Amino acid sequence: MLALPTALAIAALAAPAAADMASGYNVHNPHRRLVQRAVTTDAASVAKQTFDFVVIGGGIGGLVAGARLAEWSNQTVLILEAGGDGSDVVQAQTIPGYTYHHGVAFGSPYGWNYTTNVQAEAGNAVKAYPLGRGLGGSGAVNGMFWGKASAVEYNSWSETLFPDGKYKWNWDNMDAAIKKATTLQQPAQEQKDQFQIPVDPSAHGSSGPLQIGWSKYMYPILANWIPTWRTLGLPISDHSAGDPHGGTIVPSTMDAAQGARSDSRTGYIDNNNSPNLVVLTGHQGTKIIFSDKKDKNGNLVATGVQFAAADGATTYSVTANKEVIVSGGTIHSPKLLQLSGIGPKAHLESQGVTSLLDLPVGFNLQDHVSTSVVFNTVEGVETWGELSTNPELAAAELAKWNADRSGKWTYVNEATGYVSMADIAGDAANSITDSIDEASLIAQLSGRHNIPTSVQKGMATQFALQKKWMKTNIGQIEIILHMWGPTPNSLVLQCALQHPFSRGTVMINGTNPFNMPVINPDYFSASADATMMEHAHGFLRTFATTKPMGDVVTIEISPGANFTGAALQEYFRTGSGTEYHPLGTCAMLPQADGGVVDTNLKIYGTANVRVVDSSVIPMHISSHTMGTTYGVAEFGADIIKAENTKDFLNPSSSSSGTTKPTGATTDSSKPTGAAPASTGESAGMSTGAKIGVGVGVGIGGAALLGAILFFMCHRKKDKGGPAATDKTWYENGQQNNQWSNDRGEAYPMHAAGGNSFHQRSLSHSGSVSTMATADLPAARRYDEGGRYSNDSRGVL
Ligand SMILES: Cc1cc2nc3c(=O)[nH]c(=O)nc-3n(C[C@H](O)[C@H](O)[C@H](O)COP(=O)(O)OP(=O)(O)OC[C@H]3O[C@@H](n4cnc5c(N)ncnc54)[C@H](O)[C@@H]3O)c2cc1C
């Protein structure tokens with residue numbers, strides 16, 4: 001069945017609408033009538049097709065990068081996601097409190113349900129290792145805390161870790177990229193006053209696809225949070241402003257007006273009708289396919305991706321005409337690369353994988369490790385315990401949420417703060433820091449993991465930075481107020497190590513892509529981490545007894561105030577676990593320092609494979625990780641666009657100096673790419689015919705010949721240079737305006753579980769998950785509720 005009648009497609013190509021010229025929409029796009037935006041599970045409609053960009057992983061990195069690349073209407077983008085589209089778990093993903101009480105990250109198809117290996121220094125225990133699996137990735141199942149790291153930490157990427165990098169990954173560029181992703185919804189003044197919420201609007205975006213805001217309902221005890229930090233003499237600030245030291249009440253990734261989670265799916269996909277974007281869910285990328293021939297610089301050239309729905313199911317493939325973008329997250333990106341032959345040679349060969357590139361993929365795993373202390377409260381203090389133990393209350397609050405998106409289920413944990421080494425250890429901070437001997441620590445950790453010498457060199461730079469930061473105000477420990485204790489009259493204070501010295505690994509376990517990899521964060525393998533954690537508990541106990549928190553918190557019931565020294569260490573080593581923030585396994589570092597990707601996010605030794613997700617973050621940060629991942633993806637997408645312009649790929653054809661990606665210089669860091677390269681040849685890559693999605697299946701021979709002839713004509717025309725409209729589209733900076741703060745009607749959530757939430761009304765099948773790409777032309781037009789009118793772009 002044809003996606004569109006071929007004759008119609010040809011007619012459209014021949015008759016560009018005037019509106020196209022005005023909007024900069026590429027009238028010469030040979031695919032534009034042959035592809036329709038889809039979220040589908042129909043592998044057959046995608047298999048054997050050709051896309052300019054194939055993105056593997058539909059989480060934060062993948063959906064942001066994929067959606068931004070699809071802004072170039074003459075580029076086709078496929079995003080592959082192993083999990084579902086979320087339509088069967090609407091309540092559990094959408095309602096903030098449900099995320100905790102009925103979350104799908106654990107024990108459901110929307111989580112990978114992984115565990116670590118035995119953690120020798122953490123109670124000899126196997127720890128749960130939840131990761132999101134579905135559109136939106138971990139961002140669709142996570143705790144929704146929003147935040148950025150400090151300016152100092154981001155600046156260290158470009159100043160210390162990668163000083164000669166082509167693109168400047170620093171505070172200015174990360175801050176701008178994170179702002180580009182977000183729209184801030186301010187809390188009501190009354191709420192701001194009651195809870196003393198520090199909000200600095202200038203620290204946030206105002207027109208990005210991702211909504212951030214505060215729960216409509218906050219538990220009264222939160223009014224004690226900020227004053228307690230003040231009593232301790234610690235600063236209060238909006239933690240997105242570049243100095244997250246001290247206490248705060250953060251926004252969540254939430255459309256506060258709708259009392260609903262906002263994530264990369266709701267922000268970048270649900271309301272995005274780019275006709276050149278296809279999202280295939282329920283299919284896991286199993287291998288990147290490489291050409292037998294290398295490019296002229298000796299780099300591997302990826303030509304496509306294999307994928308399958310499950311172990312033993314049919315394996316399909318697609319062709320990647322330009323690039324393969326790996327966005328599986330910190331655990332799955334290294335896994336896929338290793339399965340594809342890119343990784344530590346010795347390990348790959350021991351597992352039966354032919355090594356194509358010997359790179360330290362999977363080393364440098366860093367994770368925030370976290371423990372909890374439980375306190376009783378005085379009678380009458382409201383906590384989450386009520387919702388979990390009183391079904392009538394839970395149902396009544398759900399009815400309230402359904403009626404007007406208010407009530408207790410809108411609450412997620414938002415009270416947090418970061419403390420420095422001096423805050424937790426006082427005068428002992430400096431001596432603890434000085435006692436860390438980097439050289440012997442590196443030798444010790446290398447012995448545990450057989451760490452390559454390049455990675456060891458990188459560790460030396462990282463450890464020097466960590467020690468430097470231990471003598472500053474950079475947060476070493478995060479303190480979180482968690483409202484859900486084991487009984488209604490209890491709550492939890494959590495502490496989490498922000499800059500661990502321990503380093504771990506992620507390594508494949510055999511050649512079967514459906515095997516869980518071996519995840520070894522090796523918590524507390526550096527004894528300095530345990531020392532910091534012990535001091536963190538001391539701070540946490542002080543916090544709990546400091547007024548006004550001390551007015552409502554009574555005794556410590558777990559582990560108990562008598563747990564100190566070795567007993568306390570035993571408690572937190574055994575009871576600790578991930579704060580869900582793994583990163584660093586495909587580190588953006590110089591190759592000599594154990595790097596896997598360059599500052600353009602391209603894997604060393606490949607012509608066209610990039611990594612865009614949390615795995616490239618080189619070193620841990622004093623923040624939850626999703627904000628930074630949005631920044632990586634937004635800035636990364638700009639770089640990819642810049643590096644796919646005609647002028648970048650073929651500098652000799654440049655007619656003016658304005659199109660150079662200026663990030664390529666050391667004095668300017670922002671990519672300012674101009675026109676997208678034609679969908680014709682790109683340097684060193686496959687020159688296979690470009691046939692858009694939907695063409696091929698059942699097409700008549702004569703019609704196909706006609707279409708190809710017509711298409712070739714257009715390609716020839718494109719080769720002469722970009723259409724004027726191409727150029728202006730990007731140069732005018734319109735990419736920044738593609739998403740506006742026009743979300744009021746974007747999430748009309750009716751009865752939970754209803755399709756309306758997804759803003760995807762369907763034509764034939766009535767179910768998102770069974771919709772074929774071919775169904776789309778008859779689907780709801782975007783101007784019926786979305787922001788883009790396809791009519792204005794000259795498309796159906
Ligand atoms: C339970 C939990 C709670 C968290 N809480 C917070 C929080 O409150 N605040 C915060 O800032 N951060 C939080 N995080 C961390 C944050 O969500 C992650 O840092 C962020 O999502 C990382 O983005 P990513 O793009 O790297 O990976 P992900 O968002 O995890 O996306 C990766 C996607 O790729 C898919 N995938 C993987 N391999 C393949 C393959 N081979 N083929 C196809 N698809 C594939 C996965 O299914 C997934 O959808 C939490 C994480 C978890 C798991």
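The backbone N, Cα and C atoms fix where each Cβ goes, glycine too.
Here's what TrEMBL has on this protein:
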- 651-669: compositional bias 'Low complexity' (COMPBIAS)
- 731-741: compositional bias 'Polar residues' (COMPBIAS)
- 756-772: compositional bias 'Polar residues' (COMPBIAS)
- 132-155: domain 'Glucose-methanol-choline oxidoreductase N-terminal' (DOMAIN)
- 329-343: domain 'Glucose-methanol-choline oxidoreductase N-terminal' (DOMAIN)
- 647-685: region 'Disordered' (REGION)
- 721-796: region 'Disordered' (REGION)
- 1-19: signal peptide (SIGNAL)
- 691-712: transmembrane segment (TRANSMEM)
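Broken down with DSSP, the domain 'Glucose-methanol-choline oxidoreductase N-terminal' (132-155) shows 9 helix, 3 strand, 12 coil. In the predicted model, residues of the domain 'Glucose-methanol-choline oxidoreductase N-terminal' (132-155) average a pLDDT of 97.
Counting residue by residue with DSSP, the domain 'Glucose-methanol-choline oxidoreductase N-terminal' (329-343) contains 11 helix, 2 strand, 2 coil.
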